[in-house]
Amino acid sequence: MDALKRYDPEVFAAIQQEVERQQRNIELIASENFVPKAVLEAAGTVLTNKYAEGYPGRRYYGGCEYVDIVENIARERLKAAFGAEHVNVQPHSGANANTAVYFAFLQPGDTVLGMNLAQGGHLTHGSPVNFSGRTYNFVPYGLDPETERINMDQVAELARQHRPKLIVAGYSAYPRVLDFKRFREIAEEVGAILMVDMAHFAGLAATGYYPNPVEHAHVVTTTTHKTLRGPRGGAILCKKEFAKEIDKAVFPGMQGGPLMHIIAAKAVAFKQLSDPDYRAYCGQVVKNAKALAQALLERGYRLVTGGTDNHLMLVDLRPKGITGRDAEHLLDRVSITVNKNAIPNDPEKPMVTSGIRIGTPAMTTRGMKEAEMVQIADLIDRAITHRNDEAELDRIRAEVHELTARFPLYAD
């Protein structure tokens, strides 16, 4: 980055500080990961100079013969990884992908079933503060109060009662496997389209460590970062019968020119999906999550649903007498990065919360395994237990830096 350093030292300095933060911190935000250097390089290419409205072979600009090659590579790799009939790799984000699906199949005011944000859903699944909840009539489904798992009987009952045009299955903070077969049966019963938002678990689904929603859903959306370990972006996978509607909804419906440099980075990331090393990585993500969850349980923490089937867990901090916001700030002081997160029926405000969400994808990318997860649980517990002891917090921070130094980011 010599040119950047010379031309804009202020921005360069901020980027370098972020590099250092990523290197020294234990990154436990479930939606974050570290992309391979090849993905970084692809995202920083001259493809950012090229406008390419339209699709390969059908562009509104000349000079697209090489970006067509790149987009086709990305499409074919994603299709192969999930066994999809059609894909669109142009959405700029997961939110844009969800928006495009709604735009393709719904009219303003149409009824949709989506998971309640307060119980693990996503903003774009019908939150009243989001465009989705303001544009469409979202009916929220939630969790069984006893098991804290999705109440599929409630989903079926709400579907029969409200006859939604679309049912959304997916989450941002739910640690268990979704029953895609049951969701599809409910959708068929009421004549609804089933959309699965697999943003969080896409990498696990591509490698057999989570059910593949493409087998049951009419349409699937995803981000391309998180467990896919690619650039920030989105994608849509669907049945061939919906290809025209989806493509028209993305362009010209929701977006103009695609980000061809990011599509190149997506293509590189999708190449991982057929790599045995990546499959082993996804398996380790799940093993690490189970190990970290068990270690926290053994230290007296309550986990929503009692554990995890995927890459994340939701920790209820009320028994420890600390809010999610305060825990996030506390752990940040010792170089452990988490995010505050509401727990089911959380009595605290959304910017305070009673819990934190923890995920294992990022530190698994750096090579950590079960033993390190136990160590991380111990560091978290010691920080929370001794949160008013500055000397102990200093010792914990030093131990964190010693641990991360053993697993360097971009070692070469």
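Using the three backbone atoms N, Cα and C, a Cβ is placed for every residue, glycine included.
The feature (6S)-5,6,7,8-tetrahydrofolate binding site is assigned by Swiss-Prot to Leu117, Gly121, His122, Leu123, with sequence analysis given as support. Close to Gly121 ((6S)-5,6,7,8-tetrahydrofolate binding site) in the fold, though at least 6 residues off in sequence, lie Gly114, Met115, Ser127, Pro140, Gly170, Tyr171, Ser172, each with a CB less than 8 Å from its CB.
Under the heading N6-(pyridoxal phosphate)lysine, Swiss-Prot lists Lys226, citing sequence analysis as support. Residues within less than 8 Å, Cβ to Cβ, of Lys226 (N6-(pyridoxal phosphate)lysine) and separated from it by at least 6 positions along the same chain comprise Ala30, Ser31, Glu32, Asn33, Ala199, His200, Ala202, Gly203, Pro361.
The site 'Plays an important role in substrate specificity' annotation in Swiss-Prot covers His225. Around the Cβ of His225 (site 'Plays an important role in substrate specificity'), 26 further Cβ atoms fall within 10 Å across all displayed protein chains.
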Cβ-centroid neighbours of (6S)-5,6,7,8-tetrahydrofolate site Leu117, Gly121, His122, Leu123, 8 Å, sequence order: Gly114, Met115, Asn116, Thr124, His125, Gly126, Ser127, Asn130, Tyr171, Ser172
Cβ-Cβ distance under 8 Å to Leu117 ((6S)-5,6,7,8-tetrahydrofolate binding site), same chain, at least six residues away: Leu123, His125, Gly126, Ser127, Pro140
DSSP state at His122 ((6S)-5,6,7,8-tetrahydrofolate binding site), helix/strand/coil: coil
Spatial separation of His225 (site 'Plays an important role in substrate specificity') from His122 ((6S)-5,6,7,8-tetrahydrofolate binding site) - C-alpha basis, Å: 16
